[in-house]
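**Student:** What Swiss-Prot records for this protein is below:
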BINDING   HIS38, GLU86, HIS95, GLU106  Zn(2+) binding site
BINDING   HIS92, ASP94, GLU113, HIS130  Fe cation binding site
REGION    1-89  region 'DNA-binding'
REGION    90-141  region 'Dimerization'
Amino acid sequence: MNKPYTKPDYEQELRRAGVRITRPRRIILNILNETEDHPDALEIFRRAVEEDDSISLSTVYRTMKLLEERGAIHRHAFAGGPSRFEQASGAHHDHIIDMDSGDVVEFHSDKIEKLQEEIARSLGFEIVHHRLELYCKKLKS
């Protein structure tokens, strides 16, 4: 899915919130800005040490926690695997998780969104937030 939005400047947002932007944090922010996948902390760590081998895994975990607390990223705990992360910005989308490869595919369906709204309203509710994760196996060709 092409993301039809401009990625926010998290560095500026964090500075405004009084967070010091260290070199390791800047590297991690750049990784998150450039990624098109949903990496886990270990994958972010692997990418970060390619730029600076002094970055520790605990620095990655602390930074991810900080970014999550500030609303800059979303943590996804897809079944059967470690928490994975994505930026909190952009248009709403849902996820298909390939149960064999672990790949995550983003998608949006107006039909699904409309149906969810209709169901919630018919039961006397208004959707405030939701997450849809479809766990799938690829069709055999």
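Each residue's number is its place along the chain shown, starting with 1.
Glycine is no exception: its Cβ is also placed from the backbone N, Cα and C atoms.
Please go over these features one by one and say how buried each is and what sits next to it.
**Tutor:** Counting only same-chain residues six or more apart in sequence, the Cβ atoms lying under 8 angstroms from the Cβ of HIS38 (Zn(2+) binding site) belong to HIS76, ARG84, PHE85, GLU86, HIS95, VAL104.
Note on HIS130 (Fe cation binding site): other Cβ atoms within 10 Å of its Cβ, all shown chains, come to 11.
Within the model, the region 'DNA-binding' (1-89) shows a mean pLDDT value of 81, rounded to a whole number.
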**Student:** Can you give me the same-chain residues 6 or more apart in sequence from GLU113 (Fe cation binding site) with a CB-CB distance under 8 Å?
**Tutor:** HIS92
**Student:** So which one is it: of the binding-site residues HIS92, HIS95, which has the fewest other Cβ atoms within 10 Å?
**Tutor:** HIS92
**Student:** For the region 'Dimerization' (90-141), what are the DSSP-based totals of helix, strand and coil residues?
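**Tutor:** Reading the DSSP string over the region 'Dimerization' (90-141) gives 13 helix, 13 strand, 26 coil.
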**Student:** Tally the residues of the region 'DNA-binding' (1-89) by DSSP class, grouping H, G and I as helix, E and B as strand, and everything else as coil.
**Tutor:** 43 helix, 9 strand, 37 coil
**Student:** Using Cβ-Cβ distances, find the residues under 8 Å from ASP94 (Fe cation binding site) that belong to the same chain and are at least 6 apart in sequence, listing them in sequence order.
**Tutor:** GLU106, PHE107, HIS108, SER109, ILE112, ARG131, LEU132, GLU133, LEU134
